[in-house]
Amino acid sequence: MASILLIACLAILGLIIAISLFLAGGYLWWRHKRSQLQFIEPNEDEDSSSYSLRAAQDIVDSSNPPNKPQVPPVTQALTTPLQNNINRKLNGFLSLRTPLIGGTATSQTKSQNSSIGGNAGEGTTKDAANKSISMTDMYLDSNDPSENVGQIHFSLEYDFQNTTLILKILQGKELPAKDLSGTSDPYVRVTLLPDKKHRLETKIKRRTLNPRWNETFYFEGFPIQKLQSRVLHLHVFDYDRFSRDDSIGEVFLPLCQVDFAGKQSFWKALKPPAKDKCGELLSSLCYHPSNSILTLTLIKARNLKAKDINGKSDPYVKVWLQFGDKRMEKRKTPIFTCTLNPVFNESFSFNVPWEKIRECSLDVMVMDFDNIGRNELIGRILLAGKNGSGASETKHWQDMISKPRQTVVQWHRLKPE
């Protein structure tokens, strides 16, 4: 009898182990598929990601003034990821001996300047400015009327003799509260795009919405021509000890727009982080009191978040008419395959009495269709007169009520769930 019980226990134990291995394998497969959804920005110059000793030494030799002594190779050899990590903790000081574009592009530019003359230098500056502006458009839509999430005060200065950019992070103001205590623990992360490997951080200021950092960062070895092709990215975070740090807001400043003849001081409004953007939806609202018809027209969407492995989505829109928290009617658009900028041109009409127009709302959800598995939410908005998903959605609804029988068109930023 005891042997039978032992065999039964061993069989059950083996079955449990087999099920555990199967579930673990399924989880690892799912993580692998989800990791493939991450969008990797194309690199314009493969050499820009290479920080070899030879390229670094060539750049330093060509960028330093003639009367400045040559930096020995030993100094360059110390510029390793470990050393960069140590430097970024030394009160915000980092000595970057290499510009963020590789040595090949730099040497070609300088050889062209020496052969063509002064006009080539002007052309290079213009090209750098155009590149910097186009790079900013990748990260921030200037037409996006997104809400501010506080302000940041900083200054910029350029040392022409030592080819060094001097950035001073001064203070923040009116930051949103991210902690349950009604405060935040903010700090600033600094990068010079398109390079994302070298990041600097300020000290953390505890329990404040108006922090004062007063920290200085030095970016050495940046000729003015190369500096003007960079975009300064300041990203404010709220430090969390036991979880991932919360993003508060960010600001992008193309350095080609900065006059480095003297020290410049800036107050910039922080915007919600670009990584949280799900895309935008262009829609129109119209209400006819005579026949109590509410019409929603979904015109098009742009810059939707990619949900598929191929970097695209298969978007469609689902709309619910709600009275309070109760859903009444549902409508859907057709599915548009493999696109992040669909053109819907779909209109939906709902019968809503005038006395209830201020009580109802439209829950608009942009979805990604999947043949296998559950459809995923890309982003959503709630169009309502009182408790819309944002100031833009509430204003759109109020404009519709104040302008009966007129079509009111407006862009909306999609919100994640």
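The count begins at 1 with the first shown residue.
Even glycines carry a Cβ here, placed using N, Cα and C.
Bear in mind that TrEMBL entries carry predicted annotations, made automatically and left uncurated.
Source: prediction; values computed, not measured.
Features as listed in TrEMBL:
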COMPBIAS  104-117  compositional bias 'Polar residues'
DOMAIN    148-268  domain 'C2'
DOMAIN    277-412  domain 'C2'
REGION    104-127  region 'Disordered'
(message) Can you give me the average pLDDT across the domain 'C2' (277-412), rounded to a whole number?
(response) 92
(request) Take the domain 'C2' (277-412) and count its residues per DSSP category (helix H/G/I, strand E/B, coil), listing them in that order. (result) 15 helix, 67 strand, 54 coil
(request) Provide the three-state DSSP residue tally for the domain 'C2' (148-268): helix first, then strand, then coil. (result) 7 helix, 60 strand, 54 coil
